[in-house]
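Participant: Copied straight from Swiss-Prot:
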ACT_SITE  ASP10  active site, proton acceptor
ACT_SITE  ASP135  active site, proton donor
Amino acid sequence: MAFEVIPAVDMRGGKCVQLVQGVPGSEIVSLNDPLAVALDWIGKGAKTLHLVDLDGAIEGERKNAPIIEKIVQACREKGVSIQVGGGIRSFEDAASLLELGVSRIILGTAALQNPELVKQLSDAFGSSCVNVALDAKNGKISIKGWTEECAQTPVEMGREFEELGAGSLLFTNIDTEGLMQGVNPGPTRELVESVSIPVIASGGVSSLEDLKVLKQTGASGVVVGSALYTGRFTLEAAIETIRND
């Protein structure tokens, strides 16, 4: 499987934003038209987009659903995969997105609070449609928009969700997220080596070199947000770097 660079389109209050370490009000980027942003990434070569409804993740209300629907439609028309997370709390929430044409739904808090949901969705739609987000802070899992910490480690949870039917994992290192100070590949590598399903990395990418470092962990791809939006590097350069690595 080729390592993939996946642009993030994070939405809050109808805008495309980038937060520092997930903290509301810490926007370093705020753009008015998420659909235009998504189309721009597709035009620059993205094969997959990563959509997050931050209002859904933080407040449990999926306020950005109408915009997400438009972006999903655009992706389908252009043959681009799309993974969506944030505020997916129930089987019905997930099913409505998958029926809309979303390639993969990302379960965070809901999976950790109700692991059986992963099995139900995997049985109904196939494991490839189900991704579980493991967000780690100080080596422990964090939930509810990074506001609560759990006792379990990413490796423990990753193995459990693989058994329940998750087809992939999204691993975010909150310690480096949004800071653009570089990645810490150790925790990602540890998780990759502990499970047999693909692991997508996220958090802290600030340079093209970081992409190479994460590729070497065995991760299947990386979600990139702040570095692209603030011009640290272009998506075209990122795709080229990975192709030549």
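Note: Cβ is positioned from N, Cα and C throughout, glycine not excepted.
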Participant: Measure from the Cβ of ASP10 (active site, proton acceptor) and count the other Cβ atoms within 10 Å, all protein chains considered.
Facilitator: 27
Participant: In angstrom units, rounded to an integer, how far apart are the Cα atoms of ASP10 (active site, proton acceptor) and ASP135 (active site, proton donor)?
Facilitator: 16
Participant: What kind of secondary structure is the residue listed as 'active site, proton acceptor' part of, going by DSSP in three states?
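Facilitator: SS state of the residue listed as 'active site, proton acceptor' = strand.
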